[in-house]
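Peer 1: Provided herewith is a single structure, encoded as structure tokens, for subsequent inquiry.
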Amino acid sequence: MEGEIKDVIKYWVEGEISNFVEVWLSVYVSLCYCYLAGKIVQKGMPRFLAFLPIICLFIYLPLKLHTLHLGVTTAFFVAWLSNFKLLMFAFHRGPLSDPSLSFPRFIALACLPIRIRQKPPPEETPQNGHPENTPPQKEWPKKKSHRSVVSYATKGVLLASMIKLYDYSDQINPLIIWILYCFHMYFALEIILAIVATMARVSLGAELEPTFNEPLFSSSLQDFWGRRWNLMVTRILRPSVYEPVHKLAEKLLGRELASVPAVLGTFVVSALMHELIFYYMGRARPTGKLTGFFLLHGVCMVVEVAAKKALKSRWRLPRFLSTALVVVFVMVTGLWLFLPEMLRNNADVRALKEYAAIGAFVRDVGRALAFVPSGNATSA
């Protein structure tokens, strides 16, 4: 195992880090071009054609990375979020279409999973990823910063504890390990996005919207996917997929049924993008299980919304029971269709090796610094 860790460290230092820097320099230069093209080229098809080579490049760039954390994170940021933002910008929609954006903010918004918080105008229509014809729900309260720090610190400690617990995985029931993997994925994703958002907030000097909103407290699938889980994706998919499909379906099917193809279309696009991200992860041919996971959730969400309309708030489950049902449903379907695809790419083994390699590298650097003679000792 020690030899494998040394091999991972050698690969990171000699190859992956340089590839990572090369990829992100390419992203930066490409977005500089997009910023200038957005000022010069007319919106619509001309701007789309101007952006098309960059969109293709962004799909290719993650293939240059092979480690789990750098590769998957870059794929999510660039191949998915950046490309969708550029597609919307081509038609003067989305966060990049704001003409007042400075160059640094444009670059940050284009390549990072962030969104600058805007002061809502009076009687603003909710834009939370929910179908327009469903009963509105209260927006989450703004959390105090110290509560966020405590929350992230707690999740960081839990994540570190789980990583240590994996050393004894041969003595633990495999089902429990799989459940731990689900929480591991959630905690790691939220912490990574929070770190990126914090760095962006400090650099830009702007207040950013949250990326997660305690998904373990979701009261429904609609609440989970629209208001709590990975909100950056929700804010991208709503204007790029849900709203256009809803507008078209409203003309063909009427307002009452328009949300059905809009919701299903959004989940289909999300499924395809997850299949792409998982391909970057292991370069393995998709099996369709991920698509099945998202289609199942899309269908169940349509049924849930229809049930809410039929009952018209006359009857509701107690909050603790509805939350438990949502968590169990997401967990069971994830263990059935989502997690096996991740483990098929040996994500768990690779992640643990990378954690161990990073820990060993930091430890070796610390030891080397400890033996560096001080200035006084050198002069003596």
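Each Cβ is built from the backbone N, Cα and C atoms, and glycine gets one as well.
Automated prediction, rather than curation, is the source of TrEMBL annotations.
Feature list, courtesy of TrEMBL:
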| type | residues | note |
| --- | --- | --- |
| TRANSMEM | 20-38 | transmembrane segment |
| TRANSMEM | 45-63 | transmembrane segment |
| TRANSMEM | 69-91 | transmembrane segment |
| REGION | 118-147 | region 'Disordered' |
| TRANSMEM | 175-197 | transmembrane segment |
| DOMAIN | 209-295 | domain 'Wax synthase' |
| TRANSMEM | 257-281 | transmembrane segment |
| TRANSMEM | 319-339 | transmembrane segment |
Peer 1: Under 8 angstroms, Cβ to Cβ: which one of 20-38, 175-197, 257-281 has the largest number of such pairs with the transmembrane segment (69-91)?
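Peer 2: Selected stretch: 257-281, with the most Cβ pairs under 8 Å.
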Peer 1: Going by DSSP, how much of the domain 'Wax synthase' (209-295) is helix, how much is strand and how much is coil, in residues?
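Peer 2: Counting residues by DSSP class gives 69 helix, 0 strand, 18 coil.
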Peer 1: What is the pLDDT of the domain 'Wax synthase' (209-295) when averaged and given as a whole number?
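Peer 2: Mean pLDDT for the domain 'Wax synthase' (209-295): 93.
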